[in-house]
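Here is what TrEMBL says about this protein:
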ACT_SITE  Asp334  active site, proton acceptor
BINDING   Lys25, Ser26, Arg30, Ser181, Ser182, Gln183, Ser211, Asp334, Lys361  3-phosphoshikimate binding site
BINDING   Lys25, Gly99, Arg131, Gln183, Arg365, Arg418, Lys445  phosphoenolpyruvate binding site
BINDING   Gly472, Pro473, Thr474, Ala475, Ser476, Gly477, Lys478, Gly479, Thr480  ATP binding site
DOMAIN    17-454  domain 'Enolpyruvate transferase'
DOMAIN    468-674  domain 'Cytidylate kinase'
Amino acid sequence: MYAIDHLDIPPLSGAGGTVRLPGSKSISNRVLLLAALSVGQTDIADLLDSDDTRVMLAALAQLGCRIETETPGPGWLRVHGIGGELPVREGALFLGNAGTAMRPLTAALALLASRHGGKFELSGIPRMHERPIGDLVDALRQLGCPVDCLGQEGYPPLRLGNGAAQALTLDAPIRVRGDVSSQFLTALLLALPLVAQDRPVTIEVVGELISKPYIEITLNLLARFGVPVQREGWSRFIIPAGSRYRSPGQIHVEADASSASYFIALGAIAPPQPGHDGITIEGVGLASIQGDIRFVEAARQMGAEISGEANRLHIRRGAWPLRAVDLDCNHIPDAAMTLAVMALYAEGTTTLRNIASWRVKETDRIAAMATECRKLGAIMEEGDDFLRITPPQGGATAPDSTTHGWQPAAIHTYDDHRVAMCFSLAAFNPGRVRVRIEDPKCVAKTFPDYFETLFDVCEAESGAIPVICIDGPTASGKGTLAAEVARQLGYHLLDSGALYRATALAAQDAGVSLDDEPALARLAAALPLAFRDHRIFLAGRDITDPLRLESTGGMASRVSQYPAVRSALHALQLSFRRLPGLVADGRDMGTVVFPDAPLKVYLTASVAQRAQRRHKQLISKGISASIEDLLADLQVRDARDMNRSTAPLKPAEDALQLDNSELDIEQSVRQVLNWWQGRQQP
Ligand SMILES: Nc1ncnc2c1ncn2[C@@H]1O[C@H](COP(=O)(O)OP(=O)(O)O)[C@@H](O)[C@H]1O
Ligand SMILES: Nc1ccn([C@H]2C[C@H](O)[C@@H](COP(=O)(O)OP(=O)(O)O)O2)c(=O)n1
C-alpha cells in the first residue's frame, strides 16, 4: 500500500497481463455477519482484507463472536457463529466509514438488544455521521426497537436498545424507504430472520427501490445461509416463519466486481503490449452474483471487447477512441464512476444518469467527479442525479495541441477509494501530462494493493519512468537519503553498491580471486540474488548483515574497478526502473546507468564527518572500529572509486551538489524533495 502523501503516476503507454483481485466488499461483510449470526462454524475463503472488513471483524469479535484467522488453512478464516444469541449485552462499536458494517449491524443489534435486553452505541468517523440512516431508524422504531440518534436526528452515532427486553411488533408489514440507499433494505433482510422464528415477517419497500443488484446479492447469500426469502416484485419481501441461520460450512468470496471495473476500463483504454493479449481478470466472471458485473455491458457499449467465463474476464481495446454513451447507471452505482473516467477518452459527450445515490456515498461523488475531471481539462455538467462529461478538447487544431487539451492535475481523493482508483486511469492521457493522486492510501477501504496491481500490468516508456540518482563517496549518507526519498514518493529503491558488495561475497564464497576479472564478471552476470522482506539473499543465504561490513565495502570497491564486472551488472540495474519511479544510489547512477534521469544529486560531506558517521553507525551495530582506521580506509576507497578508468565517481554534468556536512537527515531529504518538486510539471 502507498502510505504516502501523494502518488505521481507518470504517463502510461500500455497494459497487458493477468490480475487477481481482492474479494468483494459487499459479499465479504455480508458473509461475515451471516456467519456470525449462524448456528455452527463457517470457513470463509478469499475474504477481502481491507479497512471495511477489518471494522466488521473487530465489531463481531467485540460482540463475542470467536474468529480464527488462517484456519483451516492459509487464505481462510473460521467464524464460530453466535447463533442468534447475544453473549455480550453492552458495547460501544466504532465502525469507521464502513457503510456495509454500520447499516446491517444497526439492524441486527437493534433486534438482538430488544429481544435479549442489551444496549449498544454505534459510531464512525465524521463523514459517517453525515451519511443518512433515518429511514432504517424509522423502520426499526416501527418494530418497537428503542433507537436514539445521539447527534443529529436521522444520522449516526446511534444508541440501540435500552438494556431491557422489548416486545416487538412483527405482525404488520415493516415499511422501509428504498429510494435513498438499498443498504437499509439489506440491513433489514439480514436482521429480521433473527426474529422470524414463530411467524413470517414481511417488509414493504416504499418508493422506487434503487441499486436492486445489491439486494440480489443479499437474497442469494441469505439462501446460502438457510433463509429463502420470498420476493414479490421489488416491493415486498417475506421472511418465512421458522427462519434460522445455518452455516453452509464453507463459502468462497468472489473477487470484487466493482474493483474489476478499473481493470476492465484499463483493457479498454490501454494500447495492447507486444507479447500480451489484453487484460485477464481472475476470480470474478460472467457468473458473478454481484450487480457491478453489469459494468461489462456498459464498457462494451463504450467500445471494450470483453469475453469471459464463469470466473474470469478477458478485455481488449476495441473501438478507439471510445464511444460516448448516454446511460442509466442505477444498476451499477459504484462501478459507474469508472465510466466517468472512460468518458475522458471518448469521442463526444457522455451522460451518466440516475446516480443520485452518489451524493451520499463516501463523499458527494457527483461533485467530486465533476471537480476532478474539470482539473484535467474536461467540460463537466452536473445535476442532482446526473453527470455529463465532455473530454478535454484534443486534436491538432486544439488550442494547445501538445497536451491535447489535458492539464496536469493533482487529484483530490476525498477519502474515497473509488475516486483514487478511477483517476489512476487518467495517466493514459494523450497529452502525457502528469496525474497526481493525493492520499493514495484511501484505496485501503477495499483494495489496499490497488496501485501495485495496476503497475504490475502497466507499461510506460522507459524514459517516462522517473529516476532520482544519488551518487557520492562512501558514508556521505546516500543510502539513508535514497531510502527515505523513495519511501516518501512511493518509488522503488536501487542500492547499486549492494550489487557490487554481493559480487564480492559471491567471489569469496566461490574462492574466486578479486584480481580475476573474467571470473568476477561471470559471477556478476548470474548473481542468484533475491530481495524479500527488506533482506537480501545470495543463493538462498541471508547476506543482509555481511553485506554491510566495512571489509565487504572494501572488496566491493576493488571488484567494481573492472569494466567487465560493471557491464555485467548494467542490465540488472536498469531492470529496477519500474513504475511508478526509482531512487538509485551509488557512484555512477547519474553518469552512466541512468544518464537521462530527471534529477541527479551529488552528495558529499567532509571526510571527517563521514568517518565520524560511519564510526557511529558501526558502534551502534556493536562493531568496534577506530576513527583513524576508518578515515584512512575511506580515503583509500574514495581515491580508488574516483580514479578508476571506468565509470569513476564524479558528479554528472547536470547534477545538483549537496554537501550535507551541516545538514541532518531530515534537512537533506527535504532539500532533495524540494528539488524534485521543482522539476515537476506545474
Ligand atoms: N545528513 C546526515 N547527517 C547525519 N548523519 C547522516 C546523514 N545522512 C546519513 N547519516 C548517517 O551516516 C551513516 C552513513 O550513511 P549511509 O546512508 O550508510 O551512507 P552511504 O550510503 O553514503 O555509505 C548512517 O549511520 C546515517 O544514519
Ligand atoms: N554504482 C556504484 C555503487 C558502488 N560502487 C562500488 C564502489 C564502492 O566503494 C562499493 C560499495 O558501494 P556502497 O555504495 O555500498 O558503499 P558505501 O555504503 O558508500 O560505503 O561499490 C560502484 O562502483 N558503483
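Yeah, the Cβs are placed from backbone N, Cα and C, and that goes for glycine too.
Worth saying up front: this structure is predicted, and the values here are computed from it rather than measured.
Cβ neighbours within 10 Å of Arg30 (3-phosphoshikimate binding site), excluding its own Cβ and spanning all shown chains: 26. Fewest other C-beta atoms within 10 angstroms, among the binding-site residues Arg131, Arg365, Arg418, Lys478, are seen around Arg131.
Closest to Ser182 (3-phosphoshikimate binding site) in space, going by CA atoms and restricting to the binding-site residues Arg418, Lys478, Thr480, is Arg418.
Proximity to ligand 1 (Cβ under 6 Å from any of its atoms) holds for these binding-site residues out of Gly99, Arg365, Thr474: Thr474. Among the binding-site residues Arg131, Ser182, Ser211, Arg365, Thr474, residues whose Cβ is positioned under 6 Å from ligand 2 are identified as Thr474. For Ser211 (3-phosphoshikimate binding site) paired with Gln183 (phosphoenolpyruvate binding site), the C-alpha to C-alpha distance reads 9 Å.
In the predicted model, the domain 'Enolpyruvate transferase' (17-454) shows an average pLDDT of 94. Here the candidates are the binding-site residues Lys25, Lys361, Thr474, Ser476, Lys478. The one whose C-alpha lies nearest to that of Gly99 (phosphoenolpyruvate binding site) is Lys361.
Arg418 (phosphoenolpyruvate binding site) has Asp334 nearby among the recorded positions Lys25, Asp334, Gly472, Thr474, counting only those with a Cα within 10 angstroms of its own Cα.
All protein chains considered, the CB of Thr474 (ATP binding site) has 24 other CB atoms within 10 Å.
Comparing C-alpha positions, Lys361 (3-phosphoshikimate binding site) sits nearest to Gln183 among the binding-site residues Gln183, Thr474, Ser476, Lys478, Thr480. Every protein chain shown contributes to the tally, and the Cβ of Ser476 (ATP binding site) ends up with 27 other Cβ atoms within 10 Å.
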